[in-house]
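**Q** As annotated in TrEMBL:
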- 12-31: transmembrane segment (TRANSMEM)
- 102-129: transmembrane segment (TRANSMEM)
- 149-166: transmembrane segment (TRANSMEM)
- 192-209: transmembrane segment (TRANSMEM)
- 221-240: transmembrane segment (TRANSMEM)
- 349-368: transmembrane segment (TRANSMEM)
- 375-394: transmembrane segment (TRANSMEM)
- 414-439: transmembrane segment (TRANSMEM)
- 451-468: transmembrane segment (TRANSMEM)
- 511-529: transmembrane segment (TRANSMEM)
- 536-553: transmembrane segment (TRANSMEM)
- 796-818: transmembrane segment (TRANSMEM)
Amino acid sequence: MKNSWLKKSIPHVIAVVIFVIVSLIFCKPVLEGNELQQHDIVGWKGAAQNAYDVKAKTGKMPLWNTNLFSGMPNYQIAMEGKSVLPDLNKVFGLWLPEPANFLFIACICFYILGIALGLNPVVSILGALAYGFSTYNPVIISVGHNTKMLAIGYMPLLLAGLLLIFKKRYWSGLAVATLGAYMELMSNHPQINYYFFIIAGLITVFYVVKWIKEKDFKQIGVAVVLCGIAAAVGLGSYYLSFATTKEYTDYTMRGGKSVDIQGDQVKEAKTTGLDKDYALSYSMKMPEPLVMLMPNAYGGSSANTIGEDSKVIDRLTSMGMPANQVGQFANLPVYWGGMIKPGEVGTSGPPYVGAIICLLALAGFVIVKGPVKWGLLIATILAVVMSWGSYFAGFNEVLLEHLPLYNKFRAPSMALVIPELTLAVMAVITAQQLFFAPGGKELLQQNFKKILYAFGGLIVFLGLVYLGQSYTPGYAEQILEMSNIDKNSGIYPAILAGLKADRQALFGGQILRTILFAALVLGVLYLYLKNAFKPAVATIILALIVFIDLWSVDKKYLTDDYYVPKDSGTAVFVKTPVDEQILQDKDPHFRVLNMAEGMNGNHTAYFHRSVLGYHPAKLRIYQDVIERYFSQGMPSQEVLNALDTKYLVTQNQQGQQMVLPNPGAYGAAWFVKAVKPEPNDAAELQAIGNTHLKDTAIVPQSAAASISGLQADTMATIVLNKYTNDAITYTTNSNTTQFAVFSEVYYPAGWTAAIDGKEVPIVKTDYFMRGIVVPAGKHTVQFVFDPPKVKRGLTISYISSILVVLFVLGGLGMQWWIDKNRKTKASA
């Protein structure tokens with residue numbers, strides 16, 4: 001019995017060892033004392049530093065971040081939860097260094113899915129390597145999308161749990177589904193979670209249809225209950241992040257808008273979710289999802305250039321252009337896909353799944369039967385259509401309007417994470433059916449022609465795309481226009497013709513590459529039919545080809561050059577002379593606008609309370625102010641003063657940063673002489689640009705009735721006493737009732753105000769700041785940020801983490817006990 005258990009464990013141990021070795025070799029620089037330099041992680045460090053500084057002093061992570069966009073919830077940047085569980089990301093990643101742990105997690109979770117599907121371990125290893133090293137993974141790792149990578153990595157684990165339940169392995173299914181739901185949701189990437197639920201939902205639909213046909217209504221009931229339990233426990237563990245994010249979303253760009261800003265004009269608007277144009281940005285043109293099969297068909301990364309071997313260079317040289325002038329055109333971008341619209345920065349690399357994986361999946365869609373196949377097929381097709389985004393606007397705008405929550409997300413191209421999983425799953429199911437299932441060889445014998453025809457049909461389709469699509473330059477043409485090249489000169493058409501020839505050659509070469517891989521797959525299948533290979537050998541050959549292919553593509557997008565010596569990441573945030581100069585000011589409140597850093601930098605936030613910064617979900621009212629008063633050249637002086645912007649950083653003619661003091665900053669708070677109501681948000685936003693905000697406060701018409709009895713008092717004072725992230729205290733002294741304006745961002749979901757300990761309403765003031773009515777006399781005014789959903793979320797998440805432990809251990813224990821009893825009865 002003991003030996004039998006050890007024997008069964010050997011393939012799994014081998015699989016783990018393989019995943020560890022390949023993950024570490026792929027990320028070899030981390031073994032040499034280096035770390036990955038990820039752009040988004042560097043930006044996050046800048047945004048989060050304020051919170052970690054506070055924690056170092058107080059022992060507690062603050063809930064409000066003062067250093068980004070003049071203030072925003074810190075739980076959107078750096079959140080601490082409460083759980084009985086350890087950091088399971090480290091456990092699943094076997095404590096491997098980043099980013100090797102990400103690749104290992106994706107591999108091991110897919111391997112678990114393979115075992116749950118009843119696949120041979122060799123087939124599961126094939127799928128795990130294909131999924132873990134799918135090119136989109138290194139691409140997003142390279143730029144620092146770590147939460148997205150974790151969410152992708154855990155998708156197979158949750159799917160494994162659901163399929164175990166559907167296959168009536170109830171207890172193990174409950175355990176794995178609960179753990180999978182916990183890990184998937186705790187990765188905290190709602191868009192990837194959303195895509196996974198599309199996959200799971202479609203597979204479930206086809207299983208339900210099957211059960212209805214079989215009149216197995218008990219199975220429907222049991223599956224609903226168990227999946228519901230796993231989902232509830234997973235959501236409970238995630239409740240802290242879910243509840244606070246959902247609440248926050250209503251106040252952000254993703255929650256819709258009430259104004260429409262066109263230049264210096266502001267009009268009323270009423271939308272829910274992201275603007276359609278913004279939501280559909282980063283869409284793929286219609287043939288572009290073929291990069292899942294042909295990685296370089298559209299040029300790969302936007303950073304790639306045409307190089308010296310381009311037809312552009314040949315044509316310009318043949319025209320007699322000097323070599324030093326010709327060389328400048330070698331830097332034209334080679335990428336010619338759909339993600340090149342104004343405001344888009346292109347792509348960091350293709351979501352290449354692997355040619356052999358695509359071909360095996362295609363074969364499976366032709367010959368495999370069952371509900372899983374149909375769920376995977378429909379999910380794949382839907383994902384491709386979704387990825388077209390603005391290039392298939394009619395359909396995708398309907399999704400934005402009617403598919404629940406879909407309008408909270410952007411970048412339709414990201415939908416191709418769906419086929420990253422579905423194609424890999426279909427490919428391994430196909431390999432299992434052909435190589436290891438009873439009657440597999442007969443199935444292949446009967447369907448070999450179908451597979452051949454399917455591959456042939458694919459090649460014909462690619463040929464039609466090659467002949468029918470336009471190769472007319474897009475983004476490159478824009479660059480040429482910016483270069484002031486005369487369109488009527490011979491140079492301009494020569495460049496465009498050269499680019500067109502390059503693109504045709506690129507796409508055609510990728511078709512030939514696909515034909516080669518199709519021949520390899522057919523060759524392996526044919527030799528297997530002729531008994532030249534055993535099932536395991538055939539699978540290993542395919543696995544090696546898949547892995548070598550993916551490795552060669554992946555290394556173009558996550559090279560060793562991305563690694564730097566450890567601690568170099570923090571070296572990005574070395575104090576400059578400008579920082580040192582500003583930090584000499586011990587005033588506890590002022591803000592800094594760094595115009596030299598641009599609109600999206602977080603260096604300033606690392607050291608100072610920054611007016612700007614970068615975060616993917618800014619508060620809507622603050623974004624409106626940026627669009628109206630910061631994006632039209634010089635920022636509005638009135639808005640800067642109201643934000644207590646004491647210092648501006650700019651560059652001199654030599655490119656050196658310099659500090660410009662702003663003596664007109666209004667300070668932390670002030671009493672106004674008058675209050676001016678406005679009928680709507682558009683009027684409020686427009687009014688702050690032509691109002692002296694030190695004297696007059698702009699408030700909503702709905703709040704005007706609560707502001708009465710004001711009398712000017714030139715001797716009135718308001719002083720900032722204590723300023724921390726989550727609590728601010730002022731003292732006031734006036735002979736008459738006053739209206740006080742506070743240079744703090746208005747966010748009603750958690751901030752409360754009290755005068756002498758008695759809560760008072762906070763008035764939305766000057767469109768994006770806070771104001772309160774202060775009675776005559778001496779008073780203490782305190783603002784506290786203590787969102788109820790944080791307290792509730794911590795409690796629910798903690799209880800749910802206990803339930804995760806109980807359901808996982810209990811489920812696995814019950815399944816072991818049931819299986820043991822079944823074996824005992826069978827041997828009796």
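Including glycine, each Cβ sits where the backbone N, Cα and C put it.
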**Q** In the same chain, who gets a Cβ under 8 Å from the transmembrane segment (375-394) while lying at least 6 residues past its ends?
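**A** Result: 195, 198-199, 202-207, 277, 280-286, 288-289, 338, 341, 361, 365, 412-419, 422-423, 425-426.
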**Q** Near the transmembrane segment (149-166), which residues from the same chain, at least 6 beyond its ends, have a CB less than 8 A from one of its CBs?
**A** 89, 92, 99, 102, 105-106, 109-110, 112-113, 115-117, 131-132, 136-137, 140-141, 172-181, 183-184, 187-189, 192-193, 196, 199-200, 203-204, 207, 222-223, 226-227, 230, 372, 417, 420-421, 425
**Q** Any contact between the transmembrane segment (451-468) and the transmembrane segment (349-368)? By contact I mean 3+ C-beta pairs closer than 8 Å, pairs at least 6 apart along the chain.
**A** yes
**Q** Is the count of Cβ pairs under 8 Å between the transmembrane segment (511-529) and the transmembrane segment (102-129), pairs 6 or more apart in sequence, 3 or more?
**A** no
**Q** Short question: which residues 6 or more past the ends of the transmembrane segment (12-31) have a Cβ under 8 Å from it?
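**A** Cβ under 8 Å, 6 or more out: 94, 96-101, 103-104, 107-108, 111, 115, 121, 124-125, 128-129, 132-133, 138, 547, 551, 554-555, 558, 560, 563.
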**Q** Let me check one thing: do the transmembrane segment (102-129) and the transmembrane segment (536-553) come into contact, meaning three or more Cβ pairs under 8 Å with sequence separation of at least 6?
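**A** As far as Cβ distances go (cut-off 8 Å, pairs 6 or more apart), the transmembrane segment (102-129) and the transmembrane segment (536-553) touch.
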**Q** Same chain only, please: residues at least 6 beyond the ends of the transmembrane segment (796-818) with a C-beta under 8 Å from a C-beta of the stretch. Say none if there are none.
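**A** For the transmembrane segment (796-818), the list is 81-85, 169-176, 178-179, 182, 229-230, 233-240.
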**Q** Six or more residues out from either end of the transmembrane segment (192-209), which same-chain residues have a Cβ under 8 Å from its Cβ atoms?
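**A** Residues packing against the transmembrane segment (192-209) from afar: 148, 151-152, 155, 158-159, 162-163, 166, 184-185, 220, 223, 227, 371-372, 374-376, 378-379, 382-383, 405-406, 409, 414-415, 417-418, 421-422.
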**Q** In the same chain, which residue numbers or ranges, 6 or more beyond the ends of the transmembrane segment (536-553), come under 8 angstroms Cβ to Cβ?
**A** 22, 26, 120, 122-123, 125-126, 129-130, 133-135, 295, 352, 354-357, 360, 431, 435, 517, 520-521, 524-525, 527-528
